[in-house]
Amino acid sequence: MAITDVDVFAHLTDADIENLAAELDAIRRDVEESRGERDARYIRRTIAAQRALEVSGRLLLAGSSRRLAWWTGALTLGVAKIIENMEIGHNVMHGQWDWMNDPEIHSSTWEWDMSGSSKHWRYTHNFVHHKYTNILGMDDDVGYGMLRVTRDQRWKRYNIFNVVWNTILAIGFEWGVALQHLEIGKIFKGRADREAAKTRLREFSAKAGRQVFKDYVAFPALTSLSPGATYRSTLTANVVANVIRNVWSNAVIFCGHFPDGAEKFTKTDMIGEPKGQWYLRQMLGSANFNAGPALRFMSGNLCHQIEHHLYPDLPSNRLHEISVRVREVCDRYDLPYTTGSFLVQYGKTWRTLAKLSLPDKYLRDNADDAPETRSERMFAGLGPGFAGADPVTGRRRGLKTAIAAVRGRRRSKRMAKSVTEPDDLAA
């Protein structure tokens, strides 16, 4: 089952968690005090570059409908949409640049280039997801209401199509994001406030309608006036650009919470949760992937998902330097710092989806010690005296060491079993 006591699972005392919070608060203060012109210049240049890229893509599509120009224009437009959504829109709406007091680059005014309303995203993502990260029954991002991503979710027949559902979700990800705040499930079950639901539906329809008109009516009609393009060529290019953005966004976001090591939590964790426990839950419930400058930029710096969840309102261009200090904090408290290559992390999310399409009786691991979900019960065999300092080395024995010890014992049991089975056959 999911983690019910984050302190026990992390092998930390109350004093440890207070000290952890103080260290992470210090990192925040240092970044806030050093924010300035360099950061403002970064976001303004990023916005200018993104807009130039979008114009270039649309000019390419207007100039010619030949295959090379069409693909170049569609890819350019797709990349522009990725940058606008990932590095600009998502981060601006988190308030990362509100300190600049620029009315254009502000969380309260930015409307991003996708079918979902910024107002709805700020609630479902900034408030619900970031406050209740990976808490079952509270964070709707745990499976998005259609995917089984942990053994803690009861298997249902439609889960057999887990991989199919995520393929569909990836292709139309912007629509999944747009529909999330409508809470369609509650509406059908009669549990939604009718007036609030009507308001959300009107807001969704207005934004989605404008987006569909822009991408699939206005721009195709405009470019059809050019002798080198047709309405259909631009329409299909816009569809491809949106799918490119959708699939990439889905991949990056899924790498942040569904690879092995991204923990899940029960509702009881939120009762009187102090700041240190909130920090700890963000660290344990998130996962990074390794990235160079280009991949960092194209992921909206969400390759640093752990740091983003610790400091969602700090500028994205500072997360890389923050990650060095966060990793050091993890090492001091013997906490795992979950990361890996992009392809490995993304592959693990698909592996989890494939495995969990089956009922638990066909799975080897249990919900207390599985790749995608663990609980404090997995450490029952270590005994109460395990946490603390190693009597030989004097080093702290925390969560990372405890996980390694459990895995070591499990490997030893399997090896012993494989040795005894041939002996039994020989006898």
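Numbering starts at 1 and runs along the chain as it is shown here.
Glycine is treated like the rest: Cβ placed from N, Cα and C.
Values in this document were obtained by computation on a predicted structure and should not be read as measured data.
Residues or ranges marked as Fe cation 1 binding site in Swiss-Prot (evidence: similarity to another entry): His90, His94, His125, His130, His308. The Fe cation 2 binding site annotation in Swiss-Prot covers His129, His304, His309.
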Neighbourhood of His304 (Fe cation 2 binding site) by C-beta distance under 8 A, where only residues 6 or more apart in the same chain count: Asn288, Arg296, Leu319, His320, Ile322, Ser323
Among His94, His130, His308, His309, which are binding-site residues, the residue with the most C-beta atoms within 10 angstroms of its C-beta: His308
For the Fe cation 1 site built from His90, His94, His125, His130, His308, further residues of that chain with CB within 8 A of the site's CB center: Asn91, Met93, Asn126, His129, Pro312
Between His309 (Fe cation 2 binding site) and His130 (Fe cation 1 binding site): CA-CA distance (Å): 7
Largest tally of Cβ atoms lying within 10 Å of a Cβ, found at which of the binding-site residues His90, His125, His129: His90
His129 (Fe cation 2 binding site) and His90 (Fe cation 1 binding site), distance between Cα atoms, whole Å: 13
Distance, His309 (Fe cation 2 binding site) to His94 (Fe cation 1 binding site) (CA atoms, angstrom): 11
Distance [Cα-Cα, Å, rounded] between His309 (Fe cation 2 binding site) and His125 (Fe cation 1 binding site): 11
